[in-house]
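Scroll down for the structure; my scribbles are underneath it.
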Amino acid sequence: MSERKLFTSESVSEGHPDKIADQISDAILDAILAKDPEAHVAAETAVYTGSVHVFGEISTNAYVDINRVVRDTIAEIGYTNTEYGFSAETVGVHPSLVEQSPDIAQGVNEALEVRGNADQDPLDLIGAGDQGLMFGFAVDETEELMPLPIALSHKLVRRLAELRKSGEISYLRPDAKSQVTVEYDENDRPVRVDTVVISTQHDPEATNEQIHQDVINKVIKEVIPSSYLDDKTKFFINPTGRFVIGGPQGDSGLTGRKIIVDTYGGYSRHGGGAFSGKDATKVDRSASYAARYIAKNIVAAGLAKKAEVQLAYAIGVAQPVSVRIDTFGTGTVAESQLEKAARQIFDLRPAGIIQMLDLKRPIYRQTSAYGHMGRTDIDLPWERLDKVDALKEAVK
């Protein structure tokens, strides 16, 4: 009998408390970058019933109305009704932002490689904003080269948001979660969806029967291809029986608490660093994007069915301390060849990544819900496949 295995990933909607915090942090980042592309930003957000706290470190000469940015973001998400316990116009906003530490700024603004040497490459100028390790991943089981469980999980909560905002399902409220379990065969290929879990906030008048019927017919069956569903697929819709109290009224939220949702749903390793609220000198963010860029182009080039890229940095140093590529036995060339090619083709210094991916632009708010990787609804530079030919040529 062939061996089959299950793998599960989850996603959350833009109205989930942690995602509200992520979106506020990235909206602040975008507002600052729109006025000052050279700004250094590390904006953290905490949300709970009736209150938002924004704190962190920022170095910029630009003025941004933090209060307005926070309220506009909350309204865009859909928290515009005081009955939700969290509303854009009535929430208390408490900003507490200070200047970036000069000790950190010293290493970021003048990398180890250029100190005392005026003849260095200008892209050596910016040092990594911190030490750390980052991972990027790609796999050929979906069109967007993402693991199927996280891809489906994101699409389910995005569909819920579309139905809520269009008014097609009028009783939906902003908070929601999804979880998808996929069955893989002995060749590690997805063959069916075993379980779908969806919890969605709703008005008190909505019945469980109505919610169950709408979610299955208008969400699940619209998102998940019928070839993956069968009579053994299990659906759990609002399994607690009631989800009226949600959002920050139900749970507090913090920036950076959904790092697995933001990336690969647990299918790949994670270095632990969050993305939202951080400008691109923070390699937690920029190097994770670069690693995805490398992995996706490797798989798209047919050099592996699955690829995981690890990058690691030392604070204040421009060049990565290590580059590691793992193809899990699916590669068509040696991993050492791929690593050499990656170093040749992709500039992995922080300034090189920023230039390569054009990361000084205000593009981050759109990434802060429904995943930073594998997005087909928005144009993200690390999702482009413009290095495929160069990789093929480099490993000949």
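Each residue's number is its place along the chain shown, starting with 1.
Every residue, even glycine, has its Cβ placed from backbone N, Cα and C.
Region 'Flexible loop' is the annotation Swiss-Prot gives to one range among 100-110, 177-187, 265-275, and that range is 100-110. In this structure the C-alpha atoms belonging to HIS16 (ATP binding site) and GLU57 (L-methionine binding site) are separated by 25 Å. Put simply, the two farthest-apart Cα atoms among HIS16, ASP175, ALA176, LYS177, ARG242, PHE243, ASP251, ARG257, LYS258, ALA274, LYS278, the recorded binders of ATP, are 36 Å from each other. Reported as a whole number, the C-alpha separation between GLU57 (L-methionine binding site) and ASP251 (ATP binding site) equals 25 Å. Here the binding-site residues are HIS16, LYS282; the one with the fewest Cβ atoms within 10 Å of its Cβ is LYS282.
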